[in-house]
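Colleague: Quick one: this structure, given as structure tokens, is what I'll be asking you about.
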Amino acid sequence: MTSGKGETSTKLKSLSRKPSVSHEANEERMAGGKAQEDFTLPRSKTESALEKATSSDHGANSDTFTYKKFKWCLLKPPLGRDDGKPSDPKTNERREKVKEMMKFAWDNYKRYAWGKNELRPLTKNGHIGNMFGGLRGASIIDSLDTLFIMGLMEEYNDAKEWVKTSLDLNSNGEASLFEVNIRYVGGLLSAYYLTGEELFRNKAVELGEKLLPAFNTPTGIPRGVINLGSGTSWSWGWASAGSSILAEFGTLHLEFVHLTELSSNPIYTEKVMNIRKLLNKIEKPHGLYPNFLSPVSGNWVQHHVSIGGLGDSFYEYLIKSYLMSDKTDDDAKKMYYSALEAIEANLVQKSPAGLTYMAEWRGGILDHKMGHLACFSGGMIGIGADDGAPDKRQHYLDLAAEITHTCHESYVRSATKLGPEAFRFDSGAEATATRLSDRYYILRPEVIESYMYMWRLTHDPKYREWGWEAVEALEEHCRVESGFSGIRDVYTTTVGHDNMQQSFFLSETLKYLYLLFSDDDLLPLEDWVFNTEAHPLPIIHRSCLQEEATQDKTVSE
């Protein structure tokens, strides 16, 4: 199979990877991701998990998670042999450039917006917003793991100290369940698994508890907005008929499974498994999952299907749930490949010029538009290729390469070499935005994310070259005196900036670029999946953990 540009079929570099994908989150997407002590958390649904976790007289059991046990069961060191440093001088120089970009973005955030959620680099002040229910420091939480893997230890320690002294989870505001989960819970979980700092574990479990009331609906499908103080929840005002959003209630599984892992409290896994049970039970039109579901009736509200905003990360979390389970979650595997077959049959299209893209589906009518958010799907399909049916594996990798190529085309066809928010394939358009409202770029990571995965899967050097093109474009058009800013129109080099350094730029865009120019043993895909905010979460090597628990019990007896 060849793409529209005549690229040859991409060949699998390895058939033994256990990976994952991630992509981002922001307001547009919503409307539109050292103590090593044993402790056991309560299984009661009413008892405070954090109180039990920090008490001195609780009893341990065989389910108790220990950091020592976790580290023992990793197949490889998280940071590789030499922190993932590539042997090629040119590649290492590029990696160091990405590290400099992260330090520049972080230093300006610290100088002008410390403790706020995001930096406004043009006006040199901070932005709080209303997505996080009064929580602060989104850029700090989102940056913890990026700083750590880049070896920016002074900056990491500043971030850790802020979490210790200033992260107040007792807020009383209206928060997006989805955004708080992927950024705050995901960021804290990742920081814990990478460092072993109990501070991050405790904060993650404490915050996870505050999200549970959102599930108090007739179906157990959570509503999208929750008051973190009172526990009251409701649906977004713009969501059809009080519905919940597929990409929001479908993007909790990875984090909630790990909350159960760290707390020994099964309630988190029970909540997300109930979502899966309901989705398996209800009818899917043409095998597709519409974007809107009633949390009251458990029925679809309208038949709008998208692999971009509103739907995207639901599919991502299906394949990642399978990979994170050490390939034991067969239900997630079945759901993912069934959905992928339906997507191929109904949404995957070829443009007149031969570009492969994902259209949107509105009650059976195709809208020949692909959003930047949907460009994560190249990486998603790539990492799932190895576990498809044997006769489909190469096909899936070819499809992943074609979609990634199309998304690269959306970049190179603009004046800035950065991609628009959405691009079309009708009325003569080929991977270009035709509406003024779609021409902006807000530092999104999805295209670069797919480059990183395709590099790891194939080692085709073009993916690193494409990533470097993005670095040069970011430097030329988005770097300003005091940070990085999105731009309002990618089709003019006389750019207007939006005055926002998104937290996902620190969590995702720069992390994926750094990994792209690092050796594969930095956060190896055999051990880690990335949540949709690019926070690495470990694959649960259950057989090893149980073996270690048995050995510990034998020794103690």
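Cβ coordinates come from backbone N, Cα and C, glycine included.
According to TrEMBL, the feature active site, proton donor maps to E179, E421. According to TrEMBL, the feature active site maps to D312, E446. As annotated by TrEMBL, Ca(2+) binding site applies to T532. For 1-19, the entry in TrEMBL reads compositional bias 'Polar residues'. If you look up TrEMBL, you'll see 24-37 marked as compositional bias 'Basic and acidic residues'. Marked as disulfide bond by TrEMBL: C375-C407. The region 'Disordered' annotation in TrEMBL covers 1-61.
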Colleague: Need this for a regression test: recorded positions E179, D312, E421, E446, T532, filtered to those with Cα within 10 Å of C407 (disulfide bond). What's left?
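Modeller: Of everything listed, what lies within 10 Å of C407 (disulfide bond) (Cα to Cα) is E446.
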Colleague: Near C375 (disulfide bond) in space, meaning Cα within 10 angstroms, which of the recorded positions do we find among E179, E446, T532?
Modeller: E446
Colleague: Given the residue listed as 'Ca(2+) binding site' and D312 (active site), what distance in Å do their CA atoms have, once rounded to a whole number?
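Modeller: Here the two Cα atoms lie 10 Å apart.
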Colleague: Given the active-site residues E179, D312, E446, and counting only Cβ atoms in the protein chains shown, which has the most within 10 Å of its Cβ?
Modeller: D312
Colleague: Work through the disulfide-bonded residues one by one (C375, C407) and point out the residue whose CB has the fewest other CB atoms within 10 angstroms.
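Modeller: Sparsest of the disulfide-bonded residues C375, C407 by Cβ contacts within 10 Å: C407.
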Colleague: Give me the CA-CA distance between D312 (active site) and E446 (active site), in Å, as a whole number.
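Modeller: On Cα coordinates alone, these residues lie 11 Å apart.
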Colleague: Helix, strand or coil for E421 (active site, proton donor)? Use DSSP.
Modeller: coil
Colleague: Expressed to the nearest Å, what is the distance separating E179 (active site, proton donor) and E446 (active site) at their Cα atoms?
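Modeller: The Cα atom of E179 (active site, proton donor) is 17 Å away from the Cα atom of E446 (active site).
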Colleague: Measuring Cα to Cα, how many angstrom lie between E421 (active site, proton donor) and E446 (active site)?
Modeller: 11
Colleague: With every protein chain in view, how many other Cβ atoms are within 10 Å of the Cβ of the residue listed as 'Ca(2+) binding site'?
Modeller: 32
Colleague: Which number gives the other C-beta atoms within 10 angstroms of the C-beta of E421 (active site, proton donor), all protein chains shown included?
Modeller: 22
